[in-house]
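Everything on this sheet refers to the single structure shown next.
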């Protein structure tokens, strides 16, 4: 047994010996690593912000410089001056950020505004919504990075964790830190504090093993608590849910919930449904898309509206070009949290609730509308001919092009390359937009049943998906146009709905929609809709019929009962497809039967065929980096716990005892004898030092064991070993082992 114990032991001592040769304390290294993990949690949030709205290369350089600076000054600078230096970095970063704002230091002079903005951040305003968020991330990173690294190198682990944890807490309050990010930070902080204490007390690697076990338990408990509400919600009928740690989508949402109720952030989902409930009625001299809001910042996985809202205080700006007046009165048929109106609202003539104005000039209620509440809006709708749009040029107002051509830094280049090929013959932004619009309409199918892709949504829809719904179409079109430096934005709202009188329309939840607006100088924002209208309308009618047949509530009001939906008109089209071709622009089209397949599938199933090519076979789930990281922590902690409990040693000994790989006859006989000795020692007294093999086995009555001893003595002392004798020795020991129970 001593031979086997020598093989099993010594791992910890070898690691300690290696650390001594390298001149490092392994416990200290692990403690500093824990600090690094808790620091990486807030830095990952800032990295995301910088990737979406800034230059991640500059951000990385700033972080590296901060780390190197901390390494240098940690050798000679005491703690108090280091805190002062970090404060200077924080103030300097703030000054840098203020200098990039449109108002510059005038903003600082308005102390009340600064305080209000700070309070907004700490009460849920996402950093990604900040103007110049990329610069803000670069300005915010140096101070906590420098101070955390400095304190860790000075062995002030608790203070280091406090600084990094406070930074992470800010992003918890803003809502930018995800649950996995926070948990990683907590685990890193716990590891740093525990290992730091072990270092101060002179504890060795066994103390580090105890910390690893605790961290694994924390992860398992977190996963358990994350799963329980999901299971409970499913059992009680409260709807699906999702575990932010385990991943996966919860129950299906609706188009309306994912768009209209999204507020300042839109997360693009997978499969969704249509809601047939009536939301509002509109009395207007003209039909229109009833616009709710727009989004300017694309994160790769969703959309964000930057800038704060303000109270409505009078008239709003009109489009820079020609426009016509459209007055509409909207009546809420149930609770309503938005103010749909034709773009562009000029004035609120009347409203039962206070009104706010978004940073993009749209309207939103300061409080929810109740059933029966009304508001009247005067809008100025853009009027422009195709010729005017073609000759509008590219002399965009200051700052507009930069804001509305933003794309994530990590968006694949192939999106721009594909767009350039598709629009190669377009000579102006208008023709480019029309080509992209029609290409998407002709080359992708409409479906509400899709699997949400990982990574960049526009890239996935353009290259990997065959079908999607309006959010996918609009997101991809905006992204494609932005690669060509054409200002575009995602817009959400409602299509006109069901016309019930010459000047009256009824909008349901299923009329919620996403489309695109493109800016033209001296004209304004012009609507484009790349989503195929026919399949969408077929899906809507099918959902209405199903709801009526099932007796669902709030599907109709008296004016709509037993009436079929009137086809939603296409947006005001400045030219037909033939006009585009006459303008020397060629639109690539799909196979001839794609539109027929869309209509048939939508009418029968409510959606087109699901995207993707899954053949129904077994496939491994895609794991996120966070899930793999948590899994690694759990596995490592479980391995350490098994080692501490002796389970790994017993398992190894059992495998060693029951399975003998073959090498050469002499070694095979010796290995068979060692297995026999180990088995006998496990069941009786151990072999004593100086005791010969024959003396040790003298009291054994099993003839098989005595035969193995004879074969061993011939091999060891006389050098007589052959394939036949090796086979015999191994088989005899295998028979003896097979009679014994496992894992003793």
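Each residue, glycine too, has its Cβ placed from N, Cα and C.
Now, the feature entries from TrEMBL:
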TRANSMEM  29-50  transmembrane segment
TRANSMEM  56-77  transmembrane segment
TRANSMEM  82-99  transmembrane segment
TRANSMEM  157-175  transmembrane segment
TRANSMEM  181-198  transmembrane segment
TRANSMEM  210-232  transmembrane segment
DOMAIN    462-532  domain 'Transglutaminase-like'
REGION    531-580  region 'Disordered'
COMPBIAS  537-551  compositional bias 'Basic and acidic residues'
Report yes or no: does the transmembrane segment (181-198) come within contact of the transmembrane segment (29-50), defined as 3 or more CB pairs under 8 Å with a sequence separation of 6 or more? yes
Ranking 29-50, 56-77, 82-99 by the number of C-beta pairs under 8 Å to the transmembrane segment (157-175), which range is first? 29-50
By a Cβ-Cβ criterion of under 8 Å, what residues six or more beyond either terminus of the transmembrane segment (56-77) are in contact with it? 43, 46-47, 50, 85, 89, 134, 137-138, 141-142, 145-150, 153-154, 409-410
Beyond a gap of at least 6 residues from its ends, the CB atoms lying under 8 Å from the transmembrane segment (29-50) belong to 19, 56, 58-60, 63, 127-128, 133-134, 136-138, 140-141, 144-145, 148-149, 151-153, 157, 160-161, 164-165, 167-168, 170-171, 176-177, 181-182, 184-196, 198-199, 208, 211, 299, 409
Per-state residue totals over the domain 'Transglutaminase-like' (462-532) - DSSP helix, strand, coil: 19 helix, 32 strand, 20 coil
DSSP on the compositional bias 'Basic and acidic residues' (537-551): how many residues come out helix, how many strand, how many coil? 13 helix, 0 strand, 2 coil
